[in-house]
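This report refers to the structure that appears directly beneath it.
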């Protein structure tokens, strides 16, 4: 019972976008898919949802191919950055269309959400601002009867209030009706407390794939006087560093040396997800740092 | 046809019916009310002929154009269907189901317009009416048998609409796989090649062997029977069926390769 992405690669005009991606997306979990601009997140989501074809590899849902298969495609929903709805279509009619094509749709909840977000359902899709287009697509994503919901930049153009409202609704609907959400976003801090499992794409590959607590448990900031920090972190997997005056901070991902005493002058803290992501994906190749 | 495909075909049918209704309303307005308004303004309203304007609406021809235009909307439909978890194959099946239904509707509308509106307005019978249109050369194939003539005319129209629709789907499926630049090149090159081809045929005169061969082949496809001196409607119908099968195969092949563009 899962989506299996097996050895997926994608290249376009000779340029590699994804290289040998292997992932398992399990039921009833909230995932984060993180990566820098152009890392291939949207491409991966488009391949999973069969909107484009991979150059190599397969995607299956419960061991059934995702390729041109109504049974599997009808169990997933991808809210993408690209707008696939007709500009002329009225929002009410698009709800009806979604219900017709998916077989059902939680219309009552959709109307409630439209009220909460202040979305006029008699409007045409093309007349909406970027933020309200995102809101409309989010409402559909939360009300559609799919087992796996993929959200690509779900809060694009949303103000802080609407973002907060969306996160609340996501948690509520997930509690009432657990299903899988995969959220691809740049606003890592905002989803850090929501997601249970994280995938980090960098250099066309998955460089992190694990549960958020496990990953953060292995990510440290070690700060203090330059010499003491360097002495303590020698031989560890340093993924980044900062300097301010004589104070140095080393960011370490991986196990610490248990037998090495921590100097009194050195402070040891856990990294948050955003800081870890930045250090893993900035300049130096993350793959080299990931064990 | 599965329940799902049937449901989607009906969805497409209802959607297009709406636009078809508006198209016909617009045409009626443009072809009758506007000229009447113009005649009122110019003071020639007394000579305005409603009969002439209403009998020449070209409902059947407009329908063929409508079917072609809607058949070109492959990518628009694909976006909506794939967004809602519908496979390419099911989308194509739904389109074909819808094309069958729409074409039947087009035949009914054209026949009603031809024989229940235009013929009485023009005070002609079935044969007189058919003699005024492109079906003229096949109108007398069944002699004076009105039932057989009208029935085969309807079948002819239905196959014609299906062929036009399948041609549109095949062309748009192919074009939707190409880049904008390639499409632009095709839009420019194809008409130029067409003009060159026509020029080539014309410049070779009526007597050249190639030209005669072309004319004879065209006659064969159109169903010309030299012995009887009339045209057989089953031959062009067969030609259209063969073309439909080819267009259908092209549409199927390229539909399955459709993908979302950035």
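The backbone N, Cα and C atoms fix where each Cβ goes, glycine too.
Note that TrEMBL annotation is computational and uncurated.
Computed from a predicted structure; not experimentally measured.
Annotation comment: TrEMBL describes B:21-42 (among others) as transmembrane segment.
For B:54-75 (among others), the entry in TrEMBL reads transmembrane segment.
Look at TrEMBL and you will find B:96-117 (among others) tagged as transmembrane segment.
If one looks beyond the transmembrane segment (B:146-173) by at least 6 residues along the same chain, the residues whose Cβ comes under 8 Å of a Cβ in the stretch are 60, 63-64, 67-75, 92, 95, 99-100, 102-104, 106-107, 110-111, 115, 125-127, 130, 135, 138-139, 233-234, 236-237, 240-241, 243-244, 247-248, 250-251, 253-255, 258. If you look up TrEMBL, you'll see B:146-173 (among others) marked as transmembrane segment.
Residues annotated as transmembrane segment in TrEMBL: B:185-202 (among others).
The transmembrane segment annotation in TrEMBL covers B:234-254 (among others).
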Other same-chain positions with a Cβ less than 8 Å from the transmembrane segment (B:234-254) and lying at least 6 residues past its termini are 92, 96, 138, 152, 155-156, 159-160, 162-163, 166-167, 169-170, 173-174, 176-177, 220-223
In terms of Cβ proximity under 8 Å, which residues at least six beyond the ends of the transmembrane segment (B:21-42) contact it? 48, 50, 53-54, 56-59, 62, 66
Within the same chain, where does the transmembrane segment (B:96-117) have neighbours whose Cβ lies under 8 angstroms from its own Cβ atoms, ignoring anything closer than 6 residues to its ends? I mean 6 or more beyond. 1, 5-6, 8-10, 12-13, 16-17, 20, 54-55, 57, 59-60, 63-64, 66-67, 70-71, 126, 129-130, 133, 150, 153-154, 157-158, 161-162, 165-166, 169, 248
